[in-house]
Amino acid sequence: MSLLIKNGTIVNDDAIFKSDVLVLDGRIVEIAPSIQPTPGLEVVDATDRLVIPGGIDPHTHMQLPFMGEIAKDDFHRGTEAAVAGGTTMIIDFVIPTKGESLLVAYDRWRGWADPKVVCDYGLSMAITSWGPEIAKEMEIVTGAEYGINSFKFFLAYAGVFMVRDEEFYQGMIQCAKLRALARVHAENGSVIAERCEHLLSSGITGPEGHTQSRPEELEAEATFRACTMASQANCPLYVVHVMSKGAAAAIAHHRKKGAVVFGEPIAAGLATDGSHYYNEDWLHAARYVMSPPLSRDPSTPSALMKLLAAGELHLTATDNCTFDCQQKSLGKDDFTKIPNGVNGVEDRMSVVWDKGVHAGIIDPMRFVAVTSTMAAKIFNCYPQKGRIAVGSDADIVIWNANATRTISKDTHHHAIDFNIFEGMQVHGVPEITISRGRTVWANGQLKTVQGSGQFIPLAPDSQIVFSAVDNRKKAMEPVKIDRIPYEPSALQTPDANANIVVKAPVRAAIPPGGASSIQF
């Protein structure tokens, strides 16, 4: 595929400049102020448009089996929605059932994804059980044959995915040994289970019970706990779906102490809030059920965006895990049975541009960083991904910063019958999406080929993640004090009170602090 992009303004995470871009065989081969077209080249006119790296969504759950259902967006529909929104790579999660081999689960996910994806993808691995065999398989899947460089631990979903603190800690020690990133879903699953039982017994069965069972304090507590444990294990930590100010504050606290912690807010948390859970329409409220829940504080979305601007949160994702209205209705009499998950992979880029750049909170370079480049660096596929540069994959979006669109279930490409951003007008529109040199979205139309995406192996030991770990390890080495051997004499049994000097009481003429003026 030969392609020439003319007259555009390139935006990377560290620079903005006008230039043309030449693409051959799926890679960028030249960037220059004026490249002359040759016969056979497809020419794209990007006048008054931005030329940006394709988005990377580092947190999706396509066709995930969960809560007795299967997420509606499979790897075909989900990646079609992604490219329609300007995202050219996703990182999905292999989630084994309790006790299942990581290798067996990995093969199942690859079998689902490879024939369906229309853009590139990578995989992260969830750890839902612990033991010597799991630790051994973690080492295997971080090899080049499997291409896994991160492991996710759930501190929620008791009895399903949740691991105990000691398992989480041991897992992070193994991650650090393998130079793999630990990722965490931070909620207090034990307390949540108790609260759910209490609320249901109190007659609260609707979606409002979901948010009441998972107050923000439980996300903040679990985030702080996870960061503390990761620091003790000397393991870099990535906190997925940061939904509250308290969780973000916990991350900032530990980073200020030198911990290597990354925070990921998601599109839903940047654009909506938890007021929806109290809507009188049960189905409307149920559509927004996800975990952790959306914040009930209406100022949280703006606060999270400002933390992205300040560098206290680091990249954006979606946790795209879609269930339609019929599936959501399975919990009509019990909020704990509402399948958790929302959409986002199609709308993330526009939502972040609208709430960030258009709102004057971040600049276009920071937009590229939090939607693409930072993910590429953290997951060790930079500069292959996440940059407009010679030698990089031609994952490119022609972005119209001045255009607007209204988000709607009637026009989106998800496999569900609602959209949590319904009716929201957003500034910033991907006009053309290019995946490894192939135009997959143009003029509002998909041009995809099922199975044309590639699996991207992700190698461990990302330098942005692990460059400080070795020095931290040296600083954390245990300190031993060399002492003269202590050998108490067995022949001496001194009286415990023998050396105690007892003084006779003496009345102070003027006690310390001065004499009292109180008269009795």
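Indices start at 1 and increase along the chain as displayed.
Even glycines carry a Cβ here, placed using N, Cα and C.
Taking a C-beta cut-off of under 8 angstroms and a sequence separation of 6 or more, ASP319 (Zn(2+) 1 binding site) has the following same-chain neighbours: HIS59, THR60, HIS61, VAL240, HIS241, ILE266, ALA268, MET290, GLY341, VAL342, GLY344. According to Swiss-Prot, the Zn(2+) 1 binding site annotation covers HIS59, HIS61, LYS152, ASP319, on the basis of similarity to another entry.
HIS241 (Zn(2+) 2 binding site) falls within neither a helix nor a strand when secondary structure is assigned with DSSP, and so counts as coil. Per Swiss-Prot, Zn(2+) 2 binding site is recorded for LYS152, HIS185, HIS241.
According to Swiss-Prot, the feature N6-carboxylysine maps to LYS152, an assignment based on similarity to another entry. Sequence-distant neighbours of LYS152 (Zn(2+) 1 binding site) (same chain, 6+ apart, CB under 8 A from its CB) are PHE93, SER124, MET125, ALA126, ILE127, ALA182, ARG183, VAL184, HIS185, VAL240. In this structure, LYS152 (Zn(2+) 1 binding site) is part of a beta strand by DSSP.
Sequence-distant contacts of SER291 (substrate binding site), defined as residues of its own chain at least six apart whose C-beta falls under 8 angstroms from its C-beta, comprise ALA156, TYR157, HIS185, GLU187, HIS210, ARG214, ASN340. What Swiss-Prot records for TYR157, SER291, ASN340 is substrate binding site, and it gives similarity to another entry as the kind of evidence.
Excluding the listed site residues LYS152, HIS185, HIS241, the same chain places HIS59, PHE154, ARG183, VAL184, ALA186, VAL239, VAL240, ASP319 with Cβ atoms within 8 Å of the centre of the Zn(2+) 2 site Cβ atoms. Sitting within 8 Å of the Cβ centre of TYR157, SER291, ASN340, and not among those site residues for substrate, are the Cβ atoms of ALA156, HIS185, GLU187, MET290. Set side by side, the binding-site residues HIS59, HIS61, HIS185 differ in how many other CB atoms lie within 10 angstroms of their CB, and the most is found at HIS59.
Under the DSSP three-state reduction, HIS185 (Zn(2+) 2 binding site) is assigned to strand.
According to DSSP, TYR157 (substrate binding site) sits in a coil region rather than a helix or strand.
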